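Novice: Before I ask anything, let me first share the structure, which is written out below as structure tokens.
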Amino acid sequence: MALYNQHVCPVNNWLYNESCEEQLPFQRGPVLCCTLDNIPLISKCGTLPPESCFFSLICSTGSFMVMLIGLLRYAHVIEKHQNCILNTAGLSTGWICAAGLIMVGNFQVDYAKVLHYVGAGVAFPSSMLFVCLQSALTYRLAKTQEEYRTGHLRVAITLLALVALVLSGVFFCQMSFALQHASAIFEWVYCILIMLFYGTFAFEFGGMSGDTLLVLSRGGGVQNFPSSEHKAEVSTNHHQPDSLSML
């Protein structure tokens, strides 16, 4: 939408100037004159209406989804295994990321720069820390070959995301037009990788049930809810015939 309204420069346009005779939204023709105000950063794509309205909506919805996925993952780990520091830290960083995402989406960079950058400074590092913690937690809890393969996939995505985040941050601080344009590309790559990482939770969430929500309703403590192994043992003992009753 930002490209359609010519509010940002296309990704394939690497030519920038200090100033242009005509502002980008009013230009016509195959070759566009872009300035630093037109770099296709995610924030710049959501600065001007009408795309700014959708940007706020998407960030607010995404923040809610991050909180929900983090909470379900937290409960799932307790139900299937046990609670631990990594699990609690993963939930905390996920919710911190959600708070930063709300600020990024509702305070556009051109109108509330300080608050926008505060939100970005919270959302990006905490999202990186979240995927790192979840990758470590996956390996710690892995027992089957499939779970180890999921761990390998998550580590690969995490490493790629870390490289993209570092390059985006380093290039963003440079005065070069080309490097700042590259920063925008790496920023998009980073966000896509993070969303792909969240998609990998489908492997665990496929086996969720109503018992997962009971973990949350009972405070999330291991002592308040039997583990899956304990439930299986109880179920086995329940179906064994009582020799005394048979007599």
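The backbone N, Cα and C atoms fix where each Cβ goes, glycine too.
Just so you know, TrEMBL annotations are computer predictions that nobody has curated.
Feature annotation from TrEMBL assigns compositional bias 'Polar residues' to 234-247. Residues or ranges marked as domain 'CWH43-like N-terminal' by TrEMBL: 1-206. Feature annotation from TrEMBL assigns region 'Disordered' to 226-247. Summarising the annotation, TrEMBL assigns transmembrane segment to 54-72, 84-105, 117-141, 153-179, 185-203.
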Novice: Do you know the mean pLDDT across the domain 'CWH43-like N-terminal' (1-206)?
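Specialist: Average per-residue pLDDT within the domain 'CWH43-like N-terminal' (1-206): 94.
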Novice: Grab the same-chain neighbours of the transmembrane segment (84-105) for me: Cβ-Cβ under 8 Å, and only residues 6 or more beyond its ends, written as numbers and ranges.
Specialist: 43, 46, 55-60, 62-64, 66-67, 69-71, 73-74, 77-78, 115-116, 118-124, 126-127, 129-130, 133-134, 136-137, 140
